Amino acid sequence: MGNKPTIAISHLGCEKNRIDSEHMLGLLAKAGYPVDNDEELADYVIVNTCSFIQAAREESVRTLVELAEANKKIIISGCMAQHFQDELLTELPEAVAIVGTGDYQKIVEIVERVETGERVKEVSADPTFIADENLPRYRTTSEGVAYLRVAEGCDYRCAFCIIPQLRGDQRSRSIESIVAEARQLASQGVQELILISQITTNYGLDLYGEPKLAELLRALGEVDIPWIRVHYAYPTGLTPKVIEAIRETPNVLPYLDLPLQHSHPDILRGMNRPWQGRVNDGIIERIKQAIPNAVLRTTFIVGFPGETEEHFSHLLEFVKRHEFDHVGVFTFSAEEGTAAFDLPDPVPQAIMDERRERLMLTQQPISERKNQAYIGQTVDVLIEQENPETGELIGRSARFSPEVDGLVYVTGEAILGAIVQVRITAADTYDLYGEIV
């Protein structure tokens, strides 16, 4: 057999997609394929696409078109491949393979088939696969950080979301499998482990007959990783048992990412959120009472069909009242195939944009005040980057999650991937500044 082709991966989308990319890289490297970051040098480029909202699809399409114009052989994977498999094969002659969200583990066999001249479509109609600790993985995050998927898919059917159609129903890994992978990552020097799934608080429901996040967190408390962070916690799943496990497990950070999406009962019912119209106030107060140092991040959607100025004002007051640490705001994106696609009373884009701006302006002074409260304190910071020109270090404190929250800019010397103590000397709306002590 001759030399194997060089392969690059262009990763788009969420951290769940990132893990799929990392497994494909790991499988290809294990099979002896040269893997390169430089798409220009690669014989094949795998584009792991996102199809969550229109803007994400547009980014995926731009990437595909650029590669096609450069005459690259393209393997399209991810949510867009699952969503538009036939259209992509028709529109992009450069696409030599389409790989579904439940089929990335077959990537070596797919490349082998493509090499014989076959045009491959490997897309399971109903994805059921979930990778475990035995599937090779090549991490693409900074040295100190790793994402760990505890479950794949979703059993909820929120009106605005197409993800269950693209990634299938929920399937959880066993506690033993997750802990085994966490130990592997600890042995690689990982300092921060971020637990992800579509709904992390529902972890284990399909496997054990009841959610087992509390038990999982306590088991991960035995693993030698200083920071364990939970993403995508639904408020309904933050039971006293889960809150207690967060409070009592020293390496589980008191950081909760709560995708609330709205506050008004009418809009929550329209969205078909799992807690329907039950307002979130009580749950948030319970978290703050049980974990006084809890860091709360949330996301909201403005402009859902039927959202009136009264509904939006309710959301503004909700944000003022609860003073979240971090808030992300999206404008509604009508997705074909979802229940919300053709709902009456659409909100004009200009009004959506204006509401997003107003909500962000409401949150910014809250975020800035919370950041400024850290001035003079000494906090642990995970160092992730160094500016080669200035020598300035860039990292995150425990209250900042990667990609979505702020950064800590640090003067002093430290090893990348290490957690060091930093005295905070300044703060702005999103970031902190300090010096190593």
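Using N, Cα and C of the backbone, Cβ positions are placed for all residues, glycine too.
These features come from Swiss-Prot:
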type	residues	note
BINDING	CYS14, CYS50, CYS79	[4Fe-4S] cluster 1 binding site
BINDING	CYS154, CYS158, CYS161	[4Fe-4S] cluster 2 binding site
DOMAIN	5-116	domain 'MTTase N-terminal'
DOMAIN	140-369	domain 'Radical SAM core'
DOMAIN	372-437	domain 'TRAM'
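Checked against CYS50 ([4Fe-4S] cluster 1 binding site) by C-alpha proximity, the binding-site residues CYS154, CYS158, CYS161 yield CYS161 as the nearest.
Excluding CYS154, CYS158, CYS161 themselves, the residues of that chain whose CB lies within 8 A of the CB mean position for the [4Fe-4S] cluster 2 site are, in sequence, TYR156, ARG157, PHE160, ILE162, ILE163, PRO164, GLN198. Surrounding the centroid of the Cβ atoms of CYS14, CYS50, CYS79, where the record places [4Fe-4S] cluster 1, the chain contributes additional residues within 8 Å, namely LEU12, GLY13, LYS16, ASN17, THR49, SER51, PHE52, ALA56, GLY78, MET80. Using DSSP to sort the residues of the domain 'MTTase N-terminal' (5-116) gives these counts of helix, strand and coil: 59 helix, 23 strand, 30 coil. For CYS14 ([4Fe-4S] cluster 1 binding site), the same-chain residues lying six or more positions away in sequence with a CB closer than 8 A to its CB are CYS50, PHE52. If you count neighbouring Cβ atoms within 10 Å for each of the binding-site residues CYS79, CYS154, the highest count belongs to CYS79. CYS161 ([4Fe-4S] cluster 2 binding site) sits 13 Å from CYS79 ([4Fe-4S] cluster 1 binding site), taking the CA atoms of both as reference points.
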